[in-house]
């Protein structure tokens, strides 16, 4: 007699667990999704119409999930807004929301879809995970009723949350996270009353999860990594690229290196909004990444990662980010400076007028030191050393300390800090350091064409970001991003819902 389908599934799941336990690595996938968007409307659509749109997106995601599983992936992360898109008011998003229970209820929507309120999206995601024996991470919307006894209850009687869910290879809901740091345009959602630090154990390490804008703040990002010691962070995002610094692949790779964890970053893809760039990032650099501002295609990435990177023999040593920079005298050049804007942030810049040299630029409590030698200085290109020590952001303000070797957009110094994607000048060597007031510093090098530089630079234990292999590819920027979380201003919008 042939074994039943449940027995076959249980056997396959047990085998997958044993295989994962037998290895110090696991295979992860992220999918950059070109989201099918709803029509702009001021009136809510019917629940059936909302589900029809979500099913179109889930059709695409299901194809990516099946392909990832066939290639041996143990987990796949899909993007923020990947199932219903954006263009919503508080009222118009409501038909797209489901009531997502606490994972403690031990629920497999695929096999018990009627246990809670109608939840066709959770049911389908659960079945995608179960049918492919893979962890599935997705971003959807949660709704929670409230009443007048709750002083923070909105006037429409419900909370609405930007929410990540995780289903394990049996289809069980194992994690639910409500986004804590909403971007300024996310007025359709409520802020949770308290930040959530969501973790769950897998056969291949301890995982944490948060969403997009959360990565820039102490809660939950630093709490998960520094206090709860997760091995891997799951990161659904809808990231609008902002050159020269806050480009998705650039900053997400830098964050993974600075924090010493794996980051599985899945972005939405919409080139009209400069949304592209996802990757599988590790403490040693990117294992795989994708950046495409020219087409409308989605992209599936897979890579084998260390399950517990802190135990890996290649795990980078601890860095004292200010050690070198505070031990030396200032190099010449700090008097020959000018101010320039990177978006709204006013940097202090010094032009690199020679082919080789030593420079120092200071702003506030931060002094940035650079030692460099250009291999082929293009006459049509200008580079500067820049320092920024202050609050960033137009509404929600948080404190950066940034040291950067940066290509200007043109030979006009007034263009220094404006978006740049390409360069011709190569550097034989460079060494960048700063007197940072924090240990949370994120290093990255960006080459021409928005290309990362895995293996092409190193961070020394004394805080120097150095080139490794002689002549570089044409360089756009080498940057150290420091975050002084304790100097952030109080959040102007986050009040009790």
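From the backbone N, Cα and C atoms, a Cβ is placed for every residue, glycine too.
TrEMBL: automatically predicted annotations, no manual curation.
Copied over from TrEMBL, here are the features:
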type     : residues : note
ACT_SITE : 80       : active site, proton acceptor
ACT_SITE : 179      : active site, proton donor
ACT_SITE : 212      : active site, nucleophile
DOMAIN   : 31-307   : domain 'CN hydrolase'
SIGNAL   : 1-22     : signal peptide
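Positions of TrEMBL features highlighted on the structure.
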residue : record                       : Cβ within 10 Å
80      : active site, proton acceptor : 26
179     : active site, proton donor    : 26
212     : active site, nucleophile     : 25
Next on the checklist: I'm trying to understand the geometry here, so how far is the Cα atom of the residue listed as 'active site, nucleophile' from the Cα atom of residue 179 (active site, proton donor), in Å to the nearest whole number?
Outcome noted: 9
Item to check | Distance [Cα-Cα, Å, rounded] between residue 80 (active site, proton acceptor) and residue 179 (active site, proton donor) | outcome: 10
Item to check | Mean predicted confidence [pLDDT] for the domain 'CN hydrolase' (31-307) | outcome: 97
